[in-house]
Amino acid sequence: MKKPRILVIGSIFMDLIFHGIPRLAEYGESLSGESYSYVPGGKGANQAAAAARMGADTTLAGCLGCDDNGELLLNNLKAFHINTNHILKAPESQTGLALMLVDSASGRYVSYNVMGGNNLITPGQVEDALNDCHYDMILIQLEMPLETVYRTCEMAAERRIPVFLDAGPAMSIPLSRLSGIFIISPNESETKALTGITVDSNENIRRAAEMLYQRVHPSYVLLKLGERGAFCYDGTDSDFVPAFNDITAVDSTAAGDTFGGAFAAAYCSGSSIHDSVLFANAAAAICVSRRGGQPAIPSYEEVTAFLKVRGIDI
Ligand code: RIB
């Protein structure tokens, strides 16, 4: 099988994860969680870690501060064998930090972050990475300046490199400069932010996918629908790929990023769209069944073993 070459542009955070919070606090109220951990995160770094864990030759372009967290996160990326040549260190900035509050019952989270160096990722940095070699796919998200997101899409189009955009975190953004990307992949809340549609029925899922398709003209709209699975729409046909619900969800941190990284690695290795989504669903399911974001991302061998015991061989 071909070893894919993937470029990820995006965020690197230190995550401070609170586990087992009873509910969200009101102003002036203080509630106790069960435990906490500091783990490497950021949507870009998580996507890159997932792609690398799936065997892709992975480069990450991003920006850290010149502090202890920055040093730690850089070493962590190197340990994943990710090419860090395009990660800058900005003396004027802190390394990004995300506070993740995870609900023990559902595994879902709310988060707050300080972007720090992630706000300094520039189109010039992307261009430098693009000049290095040819990539099979570019993965991006929205945790960086929007101009960098748009210019990445434009530069990728000039070079005919497919772009997978994970549309997180949820925000309403102008979509015209994303025109022609390969995939736009929002989760439920991101779909709501982009389309105004709550994806609570099959009809609304289809309506949201059609609206995104008309606005972005991607090859595919790929909606991540949590425990329901993923909905893939190509402007005519759709494919609902169910999630694996025979696992216990304990922490959904990085599940969407794992989905993107695993999808990209599988697709660029020659799998079909359907099989790549199935593979990505399996990788995300393993991720949510474990605590702690990036360390919960499975390897290629773990994903194929997970599929095999369920009678799936891809
Ligand atoms: O998608 C999960 C990630 O979002 C976390 O790792 C956190 O850093 C935030 O960026």
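If you go along the chain as it appears here, the first residue is 1 and each next one adds 1.
Cβ atoms are placed via backbone N, Cα and C, with glycine included.
The shown structure was predicted, so the numbers you read here are calculated from the model rather than taken from an experiment.
For the substrate site that TrEMBL gives as PHE13, MET14, ASP15, GLY42, LYS43, GLY44, ALA45, ASN46, ASP257, the extra residue drawn from GLU127, GLU143, GLU147, GLU158 is GLU143.
For the ATP site, TrEMBL records ASN187, LYS224, LEU225, GLY226, GLU227, ARG228, GLY229, GLY256, ASP257, and the single candidate of ASN119, ASN131, ASN281 listed with them is ASN281. Under 6 Å, Cβ to nearest atom of ligand 1: this is the test, and of the recorded positions PHE13, LEU225, ASP251, ASP257, GLY292 it is passed by PHE13, ASP257. Within 10 Å of the C-beta of GLY292 (K(+) binding site) we count 22 further C-beta atoms, all protein chains included. Of the listed binding-site residues, namely ALA45, LEU225, CYS287, the sparsest CB environment within 10 A is found at LEU225. If you take every residue in the domain 'Carbohydrate kinase PfkB' (5-298) and average the pLDDT, you get 96. Listed binding-site residues: ASN187, THR253. The one with the lowest count of other Cβ atoms within 10 Å of its Cβ is ASN187. Fewest Cβ neighbours within 10 Å among the binding-site residues LYS43, ARG290: that distinction goes to ARG290.
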